[in-house]
Amino acid sequence: MIKPQILKQGDTIGLVSPSSPLAAMLPYRVEKGIETLKSMGFNVVVADNALNRRDHAAGTPEERAADLHAMFANPDIKAIICFIGGFHSNQVLKHLDFKLIRKHPKIFMGFSDISVLHLALNTQADLVTFYGPAVLTQFAEAFGIYPYTVNSFKQVVMSPEPAGQILPSSEWTDELLNWFTKADLERPRNMKPNSGYKWLKAGTCTGEITGGCITSILHLRGTKYWPDCKGKIFFWELPESSADITKGEPPARIDAHLTDLELSGVFEQCAGMLIGRPKSYTDEQVKQLEEIIKERTEGYNFPILFNIDIGHTDPIMTLPIGVKARLDSQSNTFEILESAVVA
């Protein structure tokens, strides 16, 4: 896998919208996200089409692909961060020039529907990418981006050293304050204590990280973009419900998605599994999900670490895709063993 250059203060970050048009609809969140990045010492360039809206997407697939090409080809851009996810990153794939991207490797970051692009860049351009904060969702946090999110970002993309042991956050939130009424400007979101990691299956493993948002990556099942999971640590997390964004994707739906993963050979091939903290679940739903995971993975011998800081709750870590990690239930550790960037 090709590792991108390290990110330094004074570097320029390019912002793109490969899927949802929300950046066009929420200019105050755009401004706050850019302000945060500048306060961290970066210059910021917004892609030509990133603030476009064409129905349910940020422009045509060709326009969104053109923005990615422009950012990768521009030597002044050292990292590319997505404004947000959505549902339509898969439309961009057939328009991407992976030879161009491979020739100009750089940090690419986002989560949720951006999983589709991560796997495409991993498999077609051999590029290490980063499942981490997006502009509208993390950098635009009205009362300041959470320290855990910032520290992990710096640890993974601004240091040439391996991130090492990844500790859980001390507190978290999945509270949704309406952006369209600017309710997020009225008060900080309510936080709750983090119970920490939970091992649903004991064991030890070492392997490269792959995976993504479970509802998004399944778009790629059976395509050339689907990853080889043999010997890998496979991660997944779950989004809000598409029917009601105040609730999480129902456990029954996750049960079906996990069956899809099993039928795709993931459970037979992977060395270990990382699972993100569920969003907007009741305690009963969390227990139900845990039982579903145990049932679906029964008969497979790999460690499963649940409740890590990735995905659709906050704060989140920056998880490098394509580098080696280690899981060890006996010592209750999750470690990133190699650097994800080069100096």
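Positions of Cβ are set from backbone N, Cα and C atoms, glycine also.
The 10 Å shell around the Cβ of S112 (active site, nucleophile) contains 26 further Cβ atoms across the protein chains shown. Taken from TrEMBL, the feature active site, nucleophile covers S112.
Summarising the annotation, TrEMBL assigns active site, charge relay system to E237 (among others). E237 (active site, charge relay system) falls within a strand when secondary structure is assigned with DSSP. Sequence-distant contacts of E237 (active site, charge relay system), defined by Cβ-Cβ distance under 8 angstroms and a gap of at least six in the same chain, are F111, G212, C213, I214, I275, G276, R277, I310, G311, H312.
Sequence annotations record features per position, and here TrEMBL assigns active site, charge relay system to H312 (among others). H312 (active site, charge relay system): 23 other CB atoms within 10 A of its CB, across all protein chains.
For the domain 'LD-carboxypeptidase N-terminal' (13-132), the model gives a mean pLDDT of 98. The domain 'LD-carboxypeptidase N-terminal' annotation in TrEMBL covers 13-132.
Among the features that TrEMBL reports, domain 'LD-carboxypeptidase C-terminal' is placed at 206-327.
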Tell me the coarse DSSP state (helix, strand, coil) of H312 (active site, charge relay system).
coil
With DSSP as the reference, give the number of residues of the domain 'LD-carboxypeptidase N-terminal' (13-132) in helix, strand and coil.
57 helix, 24 strand, 39 coil
